[in-house]
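Pulled from Swiss-Prot, these are the features on record:
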- 3-23: transmembrane segment (TRANSMEM)
- 25-45: transmembrane segment (TRANSMEM)
- 59-79: transmembrane segment (TRANSMEM)
- 96-116: transmembrane segment (TRANSMEM)
- 127-147: transmembrane segment (TRANSMEM)
- 150-170: transmembrane segment (TRANSMEM)
- 193-213: transmembrane segment (TRANSMEM)
- 240-260: transmembrane segment (TRANSMEM)
- 274-294: transmembrane segment (TRANSMEM)
- 323-343: transmembrane segment (TRANSMEM)
Amino acid sequence: MKPIILMFIMLTIFMGTMLTMISSHWLLMWVGLEINMLAIIPILMKKISPRSTEAATKYFLTQATASMLLMFSIVINTANSGQWGITNMHNQLTSLVTMAALMMKLGMTPFHFWVPEVTQGISLMSGMLLLTWQKLAPISILLQIFPSMNPNIILLIAILSILVGGWGGLNQTQLRKILAYSSIAHMGWMMAILMYWPSLTMLNLLIYLMLTITLFSVLNINTNTTTLTLSNTWNKTPMITLTILISLLSLGGLPPLTGFLPKWTIIQELTKNSNIMLATIMAIMALLNLYFYMRLIYSTSLTMFPTLNNMKMKWQFQQTKQIFLLSPLVILATLTLPLSPALLTLN
């Protein structure tokens, strides 16, 4: 893809997301979502192959279905209220359909089926864009309409997403699928706290974006896509491999790394609101995610996969991939926990 075309597509994606985030009119918000969806499809198919074509087709069909559901709920809501304002949603049916459409766009349970398959079929950097930037527009809508939604349904979706995100990643060896299931689980954590502290949802989203962008960027340096390729990079780039392992620990939520902050604050806030059982269930289910992160770290640092002797050592090719601002990203993804009092004060 030519750089000028890529720049135009990225600008279109940015404009579509910004249009959705700044709009208070349902029609403009829907148009922004559609611009965003149509513009990212060429990014998903940047490397022409049957797998990327299949992934882009699955993504388009799922997102088009979600867009139809969203437009259906918008039309019904406008017919009942006579207004296009996003906060004028008082019909229970329209709230339920809108929630289903947004959950499908975010890839949350029970509409999570497309996320691992699409992420596995595209490149690492396209997967990074799919699991980070594409979450912003739907979450910005949720932050505006959550008071009109049923809190019990939101909490049920959150618990199921955390469970599926942990359970689905247990037997995976493909790093992109593992990160896809991790994304599903993190979306569940964000939804669980949405009803009680929306600002904490935004902080959780910001930390998730930092961690995921850092991990994808570091994986892209050596083009690591499986556990096998990851385990064979110690001899080529040991510092990069160490950075990957620390980022995985942070994504799993272990102290004293940055990823511990959102889980700690969410569980604390749920406990303050007398949801001790919910906080306990979420903490237990988070162990599933931590298990497959630790399994990745164990297989990478303490074992060597059974390969041919002449394949164990990777050739020392000259490093050609340069990642902009990688060092600050790594620092933010691992060492931000001491700043947590200041971050919570901002909320």
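Just so it is clear, glycine is given a Cβ too, placed from its N, Cα and C backbone atoms.
Sequence-distant contacts of the transmembrane segment (193-213), counting only residues of its own chain at least 6 positions beyond either end whose CB sits under 8 Å from a CB of the stretch, comprise 128, 131-132, 135-136, 139, 142-143, 146, 151, 154-155, 179, 182-183, 186, 247, 250-251, 258-259, 261-262, 265-266, 269-270, 273, 329, 332-333, 336, 343-344, 347. Long-range Cβ contacts of the transmembrane segment (274-294) within its own chain (Cβ-Cβ under 8 Å, at least 6 residues beyond either end) map to 155, 158-159, 162-163, 165-167, 169-170, 172, 178, 181-182, 185, 189, 192, 248-249, 251-254, 263, 266-267. Here the transmembrane segment (3-23) does not lie next to the transmembrane segment (96-116) in space: the count of CB pairs under 8 Å, restricted to residues six or more apart, is fewer than 3. A Cβ distance under 8 Å defines the sequence-distant neighbours of the transmembrane segment (59-79), meaning residues of its chain 6+ beyond its ends; these are 26-27, 30, 33-34, 37, 40-41, 44, 88-89, 91, 93-95, 97-98, 100-102, 104-105, 111, 114, 118, 130. For the transmembrane segment (96-116), the residues of the chain that approach it from at least six positions outside its boundaries are 33, 58-59, 62-63, 65-67, 69-70, 72-74, 76-77, 89, 131, 134-135, 137-139, 141-142, 145, 149-150, 153-154, 157, 160-161, 163-165, 168, 177, 180-181, 183-184, 187-188, 191, judged by C-beta separation under 8 angstroms. Sequence-distant contacts of the transmembrane segment (150-170) (same chain, six or more residues past either end, CB-CB distance under 8 Å): 92, 95-96, 99, 103, 108-110, 112, 116, 177-178, 181-192, 194-195, 278, 281-282, 285-289, 291-292.
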